[in-house]
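> Take this structure first; my questions come after.
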Amino acid sequence: MKWVVLSLLTAGASASTDAWTKRFFGHRSTMEMAAFPLAYSLPLFLGSLPFVTVPPLDAVFWWSFAVSIPLNCVSFYLYMAAIRVSPLSLTLPFLSFTPVFMILTGFLVLGEVPSPWAVAGMLAVVLGGYLLNAPSMRHGLLGPFSAMRAEKGTILMVAVACIYSLSAVVGKKAILHSSPLFFGMFFFPLQNFLLMLWAFMSRRVDRRFFLSRGSVCRGALVGLFYYLHVLCHVWAISLTQASYMIALKRLSVLFGLIYGGLLFKEEHLGWRFTGGLLMVGGAAAVVLGGR
């Protein structure tokens, strides 16, 4: 089915954006690192806008859109900071906490009782996070939890997952009052522009490095991956239920683990792949068996 292929392409493009951005620009500041996929994807987004049908837009769309912008800007910056300071194999899997936070929010705020599948999925996500740091068990059974707290990128990615659990709900509201393709092609150019404006006005980007020949070529590659990630995401989600697409997209975690081993020679990949697989499976159980 087309949505399956597009969802897998989304996962691959997402992992590729993360891995190559870290590989090419991980030695720069977080803002400089983030600037490359943002800036070099912007022409592609702007070039796509004339081909996107503008649906009727109401007040609900505009307030949802306005709330989504700051949430996504903050989460993008924290996301880049997380993968910059810590291994991909110890950060990306913690995105699996996003649906867990959504279920917990529904329970605490709305009194919604999660299904047995959702509870099992949440336990799998927590166990997977434990296994990511299984080598730390030599310091005792609580060693992996201490290792999680000590890894700055892990803490940052958990914060990203928490923000995603809010932005996903608000973003879905905006999509329901427009269309997936329009939202993606309209939202991300504005997000990219605002973050780039902040980066350059605050002088956090070295313009000479940013526009050097090597940086332009590498920036074009990560910008292309970022654009393909968004394009395939909004296209896939327009063809099937969002929960199915998101569950399949979470395979980006496993692709990221593979990149971590190939590009960065990250250690303990056996444990981390097992933990990541369990977290992805748990997230899928939460999403698909959710309520």
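Heads up, the Cβ atoms here are built off N, Cα and C, so glycines get one too.
A TrEMBL annotation is a machine prediction, not a hand-curated record.
Dumping what TrEMBL says about this protein:
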type     : residues : note
DOMAIN   : 2-133    : domain 'EamA'
DOMAIN   : 152-287  : domain 'EamA'
TRANSMEM : 60-80    : transmembrane segment
TRANSMEM : 92-111   : transmembrane segment
TRANSMEM : 117-134  : transmembrane segment
TRANSMEM : 155-175  : transmembrane segment
TRANSMEM : 181-200  : transmembrane segment
TRANSMEM : 220-238  : transmembrane segment
TRANSMEM : 244-264  : transmembrane segment
TRANSMEM : 271-290  : transmembrane segment
> Would the transmembrane segment (181-200) count as touching the transmembrane segment (60-80), if touching means at least three Cβ pairs under 8 Å and pairs must be 6 or more apart in sequence?
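Yes, the transmembrane segment (181-200) and the transmembrane segment (60-80) are in contact.
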> With DSSP helix as H/G/I and strand as E/B, how many residues of the domain 'EamA' (2-133) fall in helix, strand and coil?
112 helix, 0 strand, 20 coil
> Note the mean pLDDT of the domain 'EamA' (2-133), expressed as a whole number.
90
> So which of 117-134, 155-175, 244-264 has the most C-beta pairs under 8 Å when paired with the transmembrane segment (60-80)?
155-175
> Could you tell me what the rest of the chain brings near the transmembrane segment (117-134), counting residues at least six beyond its ends with Cβ under 8 Å?
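Sequence-remote neighbours of the transmembrane segment (117-134) are 89-90, 93-94, 96-97, 99-100, 103-104, 143-145, 147-148, 151, 268, 271-272, 274-291.
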> By DSSP assignment, list the helix, strand and coil residue numbers for the domain 'EamA' (152-287), in that order.
116 helix, 0 strand, 20 coil
